[in-house]
């Protein structure tokens with residue numbers, strides 16, 4: 001008897017906390033998004049999901065949705081590809097490893113907004129550091145207006161996104177690498193395995209659970225990431241670098257359409273929920289097999 | 001427990017929290033926008049002086065960056081935890097009035113109080129015959145030009161119209177060495193306004209007489225073509241859509257831009273940051289018919305309907321709008337005087353820069369008082385950015401006019 005209730009009792013405090021900080025706002029969002037709502041959030045009548053149909057009819061929303069997909073895949077994928085070799089290098093013993101580790105972790109210590117502000121200055125067309133550096137190196141002969149159009153602004157934002165995602169990802173992988181026993185490599189080396197074979201047969205499979213964690217967590221963070229794009233372009237020019245969060249912010253706090261903004265927010269929540277569930281399912285099935 | 005009971009319980013908990021945050025009797029909470037580094041210290045001194053003169057009343061100023069002010073107010077009002085008074089952009093006032101959160105001030109305003117104000121600046125805060133706000137900050141736009149570049153290029157006077165401006169920009173461009181004729185803003189707040197300067201000079205207004213958007217008129221098209229041709233000809237700074245107002249102002253302070261249109265506060269910034277820059281302030285160029293327009297802006301301080309300390313809050317307002325307090329604030333921030341007595345002070349009378357701004361006031365247009373204005377402004381900014389990036393002006397404006405009209409019809 002006692003045993004059956006105990007687990008529930010023990011999870012009750014955290015369930016209560018989750019209710020206050022997660023369920024209640026989501027419930028509120030559902031209320032706002034399904035009702036006609038005033039400029040300042042007072043609910044009026046139920047409006048037959050008009051906020052959701054308005055989104056589907058809005059080309060800016062659809063474009064932002066598509067761009068959010070690109071943004072998430074590119075940043076998460078890029079950070080992953082970069083972090084595995086970085087973590088492997090940092091895991092080997094070499095002179096100055098401490099400093100190298102600190103250098104890699106450093107971007108993590110700076111607030112994301114400040115990083116974005118610094119890059120905005122660095123990418124300024126006439127007085128930016130990047131242009132003067134490139135001209136100094138003789139790589140370009142006239143200033144590039146990085147943030148003037150999406151063709152150059154968005155790739156730069158993706159690169160910065162990767163840069164700030166690498167430290168966290170590397171940390172996860174370093175933890176993973178240190179859990180792989182050294183004798184596996186020694187045994188493989190004795191059998192004559194090349195470094196590439198060692199990576200394919202030992203490192204990568206044993207790192208997989210950590211890669212899965214990194215993918216899920218990074219996807220959630222990056223999908224919801226606001227500062228980089230907002231600070232550098234505010235989703236502009238002409239909404240051409242908008243992702244869902246920046247689109248939502250403009251809808252809610254510039255134009256005052258709280259209902260539609262709440263609908264966007266719920267759509268984002270649903271996408272992440274479905275992604276996480278599917279991904280965790282797949283990853284776990286693989287592990288069991 | 002049923003869901004409803006849970007909701008009630010949570011609501012009760014939340015309202016208790018909110019209640020704890022509520023003001024005590026005799027405390028006046030004010031949300032103010034941070035216009036510059038001088039804003040915070042100014043309101044600190046107001047708190048000291050006012051509390052010393054009015055024992056029993058405490059004042060709490062919440063200084064908020066301008067960019068997040070509307071967001072803060074929206075969330076505060078939604079949660080019912082807004083302050084007693086707040087600075088708002090006057091163009092937002094209609095939303096506050098329609099949603100019934102702003103208190104009319106007419107019962108407090110005595111004739112001699114009303115008489116302190118210059119009418120041009122008080123009238124935007126009056127709606128349906130009721131005064132809902134007091135103009136705490138007022139500003140207009142005029143054209144700054146770099147005298148040194150003008151001299152080098154052999155130009156005697158600032159351009160009177162857009163044709164002259166284009167010629168002058170060509171001469172300044174010909175100087176080479178990274179100088180640009182006309183600073184054109186193409187990013188963030190007031191991107192639409194920068195386009196209106198050209199549009200107004202064509203005799204086109206933001207709203208036509210029948211209440212539809214002016215973007216679909218031939219005058220609007222002429223204006224867009226003018227800016228686009230200047231970009232194509234290289235008469236503006238490169239990468240227009242990556243430069244917001246501050247970016248263009250910085251180029252001007254560095255002496256790289258010949259002309260730009262902006263607010264009086266640039267004079268204060270130049271005094272602090274580039275004291276050796278030789279510049280002048282002139283009228284905004286006129287169009288072919290001599291029409292011209294500048295953008296007039298006021299920010300209002302409003303009282304919230306749910307304030308529990310209205311009398312105390314009014315006392316503070318009365319104090320803020322004394323000539324002495326106004327002069328301190330306006331001169332620190334580089335705004336225009338809204339108070340008649342203040343405008344007569346030597347500081348304003350002998351200031352050539354400010355004289356150019358006040359001379360333009362008869363041509364000033366304020367943001368139209370319509371619900372959904374922010375959305376129309378956003379539509380216009382987006383359309384301009386597309387055109388500045390190489391889009392077709394005619395198609396872009398037609399599309400924007402249709403979108404704006406859809407908003408205006410609601």
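Just so it is clear, glycine is given a Cβ too, placed from its N, Cα and C backbone atoms.
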Worksheet entry | Residues flagged as transmembrane segment in TrEMBL, choosing from A:102-122, A:123-143 | A:102-122
Worksheet item: In TrEMBL, which of A:187-209, A:210-232 is tagged transmembrane segment?
Response: A:210-232
Worksheet entry | Cβ contacts under 8 Å made by the transmembrane segment (A:210-232) with residues that lie 6+ beyond its boundaries | 68, 71-72, 75-76, 79-80, 83-84, 112-113, 115-117, 119-120, 123, 147, 153, 156-157, 160-161, 164-165, 168-169, 172-173, 175-176, 241-246, 249, 268, 271-272, 275-276, 279-280, 283
Response to the item:
Stretch winning on C-beta pairs under 8 A with the transmembrane segment (A:156-177) (pool: A:71-90, A:102-122, A:261-280) is A:71-90
Fill in: Outside the transmembrane segment (A:7-27), six or more residues from its ends: residues with CB under 8 Å to it
266, 269
